[in-house]
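Student: Got a structure for you, questions after.
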Amino acid sequence: MADQSKKEEEEEKENPSKSISVPQAFLVHLISGLVLAISLWVAHNLYSINLVSHSSITLRLIWIVESATVILIYSRFRIDPQQCSYLKAVVRGILALPVGALVNALGAIALGAPVGIQYLPKTINWSLLMSSFTVAPAASVFGLSWTYWQRIFAQTKPNGPLEYMICIPAHGAVIGGWFGAWPMPLDWERPWQEWPVCVTYGAMTGYLVGMIVSSGFVLANGRRQRLKED
């Protein structure tokens with residue numbers, strides 16, 4: 001029994017992302033999803049704007065609220081609390097936000113997003129929102145640890161609850177955005193086909209679905225750990 005406990009402690013030191021509990025994981029996802037929904041509600045009901053009528057302004061409101069939320073929350077679960085303070089984790093999440101936005105913007109342009117001065121504010125704000133879904137949480141938790149970034153984003157092999165929580169919603173947002181772009185070239189001439197309206201709705205849907213799926217993985221992982229202890 002002592003050997004088993006020692007082994008588990010060694011595994012946790014090797015991969016600190018396993019240390020988050022199932023209730024904590026559910027709470028993080030719940031807050032992230034609610035904040036996203038509330039920001040859309042505030043935009044529509046308090047400012048009378050939406051993604052179709054005022055894409056850039058609405059996106060700016062959403063990404064500011066969502067990025068602040070995920071950075072503040074995920075920084076609590078940083079993998080190196082002995083070397084990295086909470087404030088430092090928050091700062092690295094903030095610094096990663098524009099870097100992730102640049103990566104997302106270049107990826108979108110490479111896949112056919114429109115280029116031009118008239119589209120620039122929309123693209124910038126959309127990219128910052130995508131960075132809130134993908135890069136900012138990972139930077140707050142993992143910092144510059146290449147091992148984690150490679151496993152989550154290059155290999156797509158998350159290991160442990162916290163990695164599930166970051167990897168699956170991030171991939172869900174990207175895949176959702178890709179599927180959301182499909183109606184754009186069609187000649188329906190609908191306002192919601194404009195860049196980046198349907199892409200944003202697709203990304204947000206994929207992000208929310210990803211959080212639900214990752215919650216299932218976290219729950220399954222928790223049950224597996226309890227079976228090992230028994």
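Positions of Cβ are set from backbone N, Cα and C atoms, glycine also.
Dumping what TrEMBL says about this protein:
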type	residues	note
TRANSMEM	21-43	transmembrane segment
TRANSMEM	55-74	transmembrane segment
TRANSMEM	95-120	transmembrane segment
TRANSMEM	126-149	transmembrane segment
TRANSMEM	161-181	transmembrane segment
TRANSMEM	201-220	transmembrane segment
Student: Which residues, given as numbers and ranges, are at least 6 beyond the ends of the transmembrane segment (161-181) yet have a Cβ under 8 Å from it?
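Tutor: 17-22, 25, 28-29, 32, 74, 77, 79, 108, 111-112, 130, 133-135, 137-138, 141, 148, 151-153, 198-211, 213-214, 217-218, 221-222.
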Student: Taking 21-43, 55-74, 95-120 as candidates, which has the most Cβ pairs under 8 Å with the transmembrane segment (201-220)?
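Tutor: Result: 21-43.
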